[in-house]
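**Q** My questions will all concern the structure given below.
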Amino acid sequence: MGRVTIVSTLVIVAAVIGSIASYQVKPANYAKLVEKQKKFDEAFEKEFYVEHTKYVETGERSERLEEMFEHMRQQPDMFRMEMDNHPLPYLTVECTACRALITTYLTYRRVLGWDRDRIAAQAASTCETLNILTPANCVKIVDKNIDILLYIIDNRPSLSAQTICGIIFQSGTCVLEDPAFLNWSINVPAGGRPITGSKTSPNRDASDIKIIHITDVHYDPHYRTGYNAVCGEPCCCREGQGIPPNPADGAGEWGDYRDCDSPWKAVEDAVRAAARQHPDAAYVYHTGDIIDHGVWETTVAGNIVSMTRTLQLFRDVFGSKPVYSVLGNHENNPTNVFAPSYIDRTDFSASWLYDFSADQWATWLPAATQQTIRQGGFYTALVRPGFRIIGMNNNDAYTFNWWILYDPTYLQAQLQWVHDTLLQAEAAGEKVHILAHIPIGTGTSYRIWARQYRRILDRFWDVITAHFHGHTHADEFNVFYSLANPQHAISVGFNGGGTVPFSNYNPNYVVYYVNPQTFQVTDFESWYFNLTEANQNPNRSPIWTQLYSFSRDFQLSNTSPASLDGLVRRFASNPTDLRRYWEMKVKRGDPFLAAGCDGDCLLNHLCEIVTNEANDDSKCNALAAIFRNLDDDLFNEEK
């Protein structure tokens, strides 16, 4: 997927990429390759500006400019992937394109004084040229985001292409060097129980509490059975994209492995199946992304309709059972963009979403949560004596949230609130579950934010008993290690996967077993159905079955941080077990199984489990040393 123009570079990529995330292991000579790439990028950046300026003056693209655009193009399947999962050669190209194009367009705006409409037209044209979206949809996605981006650029005259690209990519030659974006922190006073070893937990017991975790339903009101599932856009199977000549290219009745979201009947079936199969569950966790991937045509009114219908389904199905929700990055309009609370322009503010959520979630949450939800979409609630939930809105720290470029320090407020809430919970003798849509510490979590969160986790490792995430659509877990004592595993992030098949997955949900005294997760299991089989039998409901019971399938006593840290080390020396984990992570999606996962692929998935912030490769390197020698050919460049 090419990274194009000041708007297209930022907007198209962020909006349409899918969500399988996986770490990318770096070659042994990575530092040398980066230095070489820096020289290439600098030359490319300067030459591109010259060639593109000639083009805008004459209307003719030179042969060299066409070559440079071709260099920026990538394979179409990059649309479906979170940036973490883009192979290193693609990440390298993306960074090159980002720097060259943004430098060019910053000059057009700041030096040549291009107005809004001229920049928008040029950005849409480039989007079309690189075949990212249809011409009409290129115009729509640019129009959705350009006013925000230009506001940020105009009000931050020192903001450079290097900083913009360093925030978004956080890798390779896109290195963040601006002190304004690096030198901020929250107040975390000393205290708490010292970390002296990896955290353990009781084993599963009959008295454990059951919790259902549903995430990433991505309901698409425009989904139509039989419509084009290979439409060439980031999201298919939609009315308006037509019925394909080949029936095999048509959308399935219950969803589609290709780049398609969920029809309503599939959303409803998943929620009802979870309730039917686990009537003894005490609570439901819902970690966001109700809205579809048709990001070029989302509206506030349309998002409200989809969210209202989905949350009403939860009320109808689960009745009086508490549902604890957090917002996904797709819930706002435009997608991913969560402005600081002090930005009072109606067309920029997310207040409509926070007010809507406060009203909808009031079914399940105490009145005391209203203030912080309306302020920023986050809250805390006492579930039962000794047990508290913190629902974060960590979409503000997603590297595709443009407002980080405007004011990175606005992220301090929610993090400080999390710290202060945990301090109060500690004083009250409470244990806490953290709910957040985007997995904390992934490569698309702003690195400085992730580092500050790790400071909080080190301080309250004995208070926080588990994390619950969504976003990636993968059925996975992450082990958190102490920032001060990296040998100690202190927490686990569990991912609910997703009921949406976008892309190549089978739908699933997860059930956790939680000790009623320590509130630690002692075991978990996943339930799914095979999409191929379901679509071959369109007139009956899908057959949900257990994908795994984790402790049983991996012969573990429990799923504590200590136990899962041991499993990770076992994975490094036992590719058979690691491959079994990968099959579970991709939920045995038929396209994934057909494509397979070689040694490099398995190592990437292994490293993702232990990576707690972008560019912290220490745990990965230790595992890679066991698993195999690193491959210097990952960049596929001359040494």
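Glycine too: its Cβ is placed from the backbone N, Cα and C atoms.
No curator has checked TrEMBL annotations; they are predicted automatically.
Sharing the feature lines straight out of TrEMBL:
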BINDING   Asp216, His218, Asp289, His473  Zn(2+) 1 binding site
BINDING   Asp289, Asn329, His437, His471  Zn(2+) 2 binding site
DOMAIN    91-178  domain 'Saposin B-type'
SIGNAL    1-22  signal peptide
**Q** How far is it from Asn329 (Zn(2+) 2 binding site) to His218 (Zn(2+) 1 binding site), counting Cα to Cα, in Å?
**A** 11
**Q** Measuring Cα to Cα, how far is His471 (Zn(2+) 2 binding site) from His218 (Zn(2+) 1 binding site) in Å?
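**A** So the alpha carbons of His471 (Zn(2+) 2 binding site) and His218 (Zn(2+) 1 binding site) sit roughly 10 Å from each other.
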**Q** In whole Å, note down how far the CA of Asp289 (Zn(2+) 1 binding site) lies from the CA of His437 (Zn(2+) 2 binding site).
**A** 8
**Q** Name, in the order they occur in the sequence, the residues of the same chain whose CB lies under 8 A from the CB of Asp289 (Zn(2+) 1 binding site) and which sit 6 or more residues away.
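**A** For Asp289 (Zn(2+) 1 binding site), the qualifying residues are Thr215, Asp216, Val217, His218, Gly328, Asn329, His330, Glu331, His437, Gly470, His471, Gly498, Val500.
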**Q** Could you tell me which of these binding-site residues, His437, His471, His473, has the greatest number of Cβ atoms within 10 Å of its own Cβ?
**A** His473
**Q** Neighbour count, 10 Å Cβ-Cβ cut-off, for Asn329 (Zn(2+) 2 binding site): what number do you get?
**A** 27
